[in-house]
Amino acid sequence: MGTHPRGDAKILDSRISQRTLGQWIAENQDCLGSKVKDTFNGKLPFLFKVLSVDTALSIQAHPNKELAEKLHLQAPQHYPDANHKPEMAIALTSFQGLCGFRPVEEIVTFLTKVPEFQFLVGDNATAQLKQSLSHDSQAMASALKSSFSHLMESKKQLVVEQLNLLVKRISQQVAAGNNVEDICGELLLQLHQQYPGDIGCFAIYFLNLLTLKPGEAMFLEANVPHAYLKGDCVECMACSDNTVRAGLTSKFIDVPTLCEMLSYTPSPSKDRLFPPKWSQEDPYLSLYAPPVPDFAVMKMEVPGSVTEYKVSALDSASILLMVQGTVTASTPTAQAVIPLQRGGVLFIGANESVSLKLTVPEDLLIFRACCLL
């Protein structure tokens, strides 16, 4: 949902002459809101998505603006635009993902418990990482970069051999009724089944494993390694399709760029959770406002006992997504009411308010992407 050239949203209303949202915005610039229009050169600055992840999505990171411009110039077929791509995922169901580097102590523990992992990282990088525990954060970041790069640059045949050994060992443990949780055994088997022989299977020992509950969110700034593993979420990001991938994928892989660009800052997994703020004015609304100008997301949970709910006007274009509930939407500018149910999407111009009348008395769950400058 947005105006990226690779997926410009279609307008369903046949009375509107423009066929896509991008065309409509280009000809109705004021709908963006004056600040948004000026800051983002007359373009909608965000992309809004719903993801339903059954098979793990690739281990990846998104470039900052400077790197995006460089990559786009060098290889436009792989990096289709010159924009950065910070993003946020808000869980709709239980949602599992990998996000950012684990504390180094945890990685060192895995190196001890998983000899196949240590074999690929190598003795020198392993020793350097262990020693870095007693040094400053710069030494730690440098050791982390060295050990992660060693792993990711392993020869394919070695990866396949070591992965097969590990899978066999874990499978035997599981068959014997032993707990393999301390080495993420179940997850490793699951990823290996989805992507046999893929280096990304070993990345679970470097990256934080997060399970979000519905309503919990994670924010991924530029250069943070991540992978979505399983579950449903709404996702909002800057308007870009730039992704540097390194594993759990059949798409283009760019290991040198990834290893060079990553932010090697370890942090406990709980630090990766991004909490929303409750609105002072609206008891049903909470706001996820990440530290970037391009986007923010509002979540509205309205009880079914309410007969009408007013979506307030913002000085920004916004996109409203119905996840649950059935309503009719009316605005002072629309000629007719618009029926909306689960999966319905409404584009709201800047400074327009929308009234939602509940046609069925069940709770509403609505997300709204916008740009709050």
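Every residue, even glycine, has its Cβ placed from backbone N, Cα and C.
Feature annotation from TrEMBL assigns active site to Arg245. The Zn(2+) binding site feature in TrEMBL is assigned to Gln60, His62, Glu87, His226. Feature annotation from TrEMBL assigns domain 'Phosphomannose isomerase type I catalytic' to 1-104. Annotation source TrEMBL lists domain 'Phosphomannose isomerase type I helical insertion' at 120-207. Annotation comment: TrEMBL describes 287-331 as domain 'Phosphomannose isomerase type I C-terminal'.
Across the domain 'Phosphomannose isomerase type I C-terminal' (287-331), DSSP classifies residues as 0 helix, 24 strand, 21 coil. One way to see the shell of the Zn(2+) site is to take the Cβ centroid of Gln60, His62, Glu87, His226; the remaining same-chain residues with a Cβ within 8 Å of it are Ala61, Lys85, Leu220, Val224, Pro225, Thr243.
In sequence order, Pro225, His226, Ala227, Thr243, Val244, Arg245, Ala246, Thr249, Leu258 constitute the residues six or more apart from Gln60 (Zn(2+) binding site) in its chain with CB-CB distances below 8 Å.
For the domain 'Phosphomannose isomerase type I helical insertion' (120-207), the number of residues in each DSSP class (helix H, G, I; strand E, B; coil) is 68 helix, 1 strand, 19 coil. Neighbour density for His62 (Zn(2+) binding site): within 10 A of its CB lie 25 other CB atoms from the protein chains shown. Arg245 (active site): 22 other CB atoms within 10 A of its CB, across all protein chains.
Most Cβ neighbours within 10 Å among the binding-site residues Glu87, His226: this distinction goes to Glu87. Per DSSP, the domain 'Phosphomannose isomerase type I catalytic' (1-104) is made up of 28 helix, 25 strand, 51 coil.
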